[in-house]
Amino acid sequence: METQIRADEISRVLKEQINQYNKKIEVSETGSVLSVGDGVARIYGLENAMAGELVEFPGEVFGMVLNLEEGYVGAVLFGEDRHIKEGDVVKRTKKIVSVPVGEALLGRVVDALGNPIDGRGAINTPHSRIVETKAPGIVYRHPVEEPLQTGIKAIDALVPIGRGQRELIIGDRQTGKTTIAVDTIINQKGLNVQCFYVAIGQKQSTVALVVEKLRAAGALEYTTVIAANASDPAPLQYLAAYSGTAMAEYFRDTGRHALIVYDDLTKQAQAYRQLSLLLRRPPGREAYPGDVFYCHSRLLERASKLSADKGGGSLTALPIIETQAGDISAYIPTNVISITDGQIFLESDLFYKGVRPAISVGKSVSRVGGAAQIKAMKQVAGSLKLELAQFRSMEAFAAFASDLDKASQQQLARGRRLIEVLKQPQYSPVKVEEQIIMIFAAGNAFVDQYPETDVKRYEKEMIEFLKNKHSDIIKTISEKKAIADDTKKALLAALEEFKAIFQPSNK
């Protein structure tokens with residue numbers, strides 16, 4: 001018995017199959033790998049590729065186009081190159097390298113491409129930004145006038161930092177550069193400043209320690225850590241600083257304040273040198289490529305204080321540079337010194353003497369200066385730098401002199417007590433009003449009569465005494481940000497009152 005198929009059934013089956021057919025034709029511009037090795041690939045056939053474009057290799061490995069040659073393009077890889085071989089197909093994405101930005105990144109640890117690496121799930125944010133953007137022009141900027149308090153007495157008094165400034169932290173390894181940066185981040189708690197810590201070429205254990213310190217201080221909730229570790233490919237170490245800046249710019253451009261720390265740009269320059277030599281770019285001084293200055297200047301120029309028309313936001317940058325045996329005249333240190341608005345120079349000799357933070361008063365400078373200080377700090381810290389500089393020169397002279405007159409001995413004794421006042425343990429920033437009161441007490445000779453070993457105890461007990469008995473003085477300085485005549489009289493009277501009850505250890 002023959003099965004008869006009706007014509008309407010045939011048409012129905014055909015329609016169903018047509019509706020179910022969903023195969024898509026994907027059109028993409030492709031090229032092929034000519035050679036690959038050391039994290040760099042040469043690709044033939046991507047005639048329309050853009051500089052900085054993201055390209056896709058087999059196995060979901062991505063790269064970035066850096067060289068545009070006549071017959072090929074040079075790309076750096078953001079992943080392992082072990083499984084990529086000659087002849088592999090490379091696709092254009094037609095996208096410039098970008099990273100996610102927004103509030104969702106606060107409190108997270110991400111890699112140089114914005115992917116989370118803290119094991120706390122995906123980052124959900126609708127916003128993204130290109131990693132390399134043009135710095136704001138002159139007409140869109142506002143002079144740096146608003147202080148960014150670091151909580152470190154020696155910095156806030158002697159080399160003040162303003163919102164929108166670029167202040168270099170420079171010194172040999174193990175002199176406390178990272179500690180200053182982390183202290184500054186911790187001190188932004190409650191000040192509505194979003195912080196970004198970019199770790200470039202650091203050991204994973206070091207980055208984990210910084211993250212733990214931030215978490216313990218309650219600072220991680222307003223901080224994003226961007227980590228390109230020593231084990232990561234050189235392209236990620238090069239890119240991390242630009243990615244972090246793009247994330248921070250989101251807050252600056254929405255009228256808020258951000259702080260970014262680059263720890264450190266020496267390793268970024270070394271990663272860029274490695275990439276440039278592998279891409280066969282001509283080497284220059286110390287084998288760095290000719291555009292290594294531009295690599296850093298275009299990064300640091302993005303830190304700025306915007307005008308009120310642009311929302312009045314700010315991005316403050318604290319780049320870190322590591323020197324070799326205190327040589328600040330090397331290529332990368334001189335480059336970054338010339339780009340930034342001042343530097344905080346840390347000396348190994350001071351560090352080993354127990355002066356911490358080991359800030360060299362003579363070599364450290366802020367080109368913004370008093371504009372980034374509140375009036376009260378200007379009033380008390382005006383003569384401090386001069387006194388410390390005179391002490392350092394007198395100390396050097398005293399090392400060779402056998403007999404000193406009484407005035408010189410007094411100057412040396414006073415200088416040593418001022419140094420004690422400026423000493424500070426790590427991860428313990430001090431409120432600006434407390435800094436002002438302590439520097440005021442030292443400037444008015446209230447600590448001169450006590451042994452050096454008593455200065456820290458004097459500071460602690462004196463601040464506690466004022467908080468308990470004269471909290472109105474601290475409140476007035478905090479609110480008015482200046483020391484009026486009546487406040488000065490009240491503070492002097494309170495210090496005299498404390499002087500009567502303080503017990504030095506030698507009595």
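Sequential numbering from 1, following the chain as shown.
Glycine residues also receive a Cβ, built from the backbone N, Cα and C atoms like all the rest.
What Swiss-Prot lists as ATP binding site is Gly171, Asp172, Arg173, Gln174, Thr175, Gly176, Lys177, Thr178, and the listing cites sequence analysis. Positions annotated as site 'Required for activity' by Swiss-Prot: Ser364.
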* To do: State the Cα to Cα distance, in Å, between Thr178 (ATP binding site) and Ser364 (site 'Required for activity'), rounded to an integer.
  => 17
* Asked: Where's the emptiest Cβ shell within 10 Å among the recorded positions Gln174, Thr175, Thr178, Ser364?
  -> Gln174
* Around Lys177 (ATP binding site), which residues of its chain at least 6 apart sit with Cβ under 8 Å of its Cβ? -> Ile169, Ile170, Gly171, Asp263, Asp264, Ile320, Glu322, Leu346
* Asked: Here are some binding-site residues: Gly171, Gly176. Which one has the most Cβ atoms within 10 Å of its Cβ?
  -> Gly171
* **Reduced DSSP assignment, Arg173 (ATP binding site)** => coil
* Asked: In the structure shown, which of the binding-site residues Asp172, Arg173 has the fewest other Cβ atoms within 10 Å?
  -> Arg173
* To do: Would you identify the secondary structure of Ser364 (site 'Required for activity') according to DSSP, in three states?
  => coil
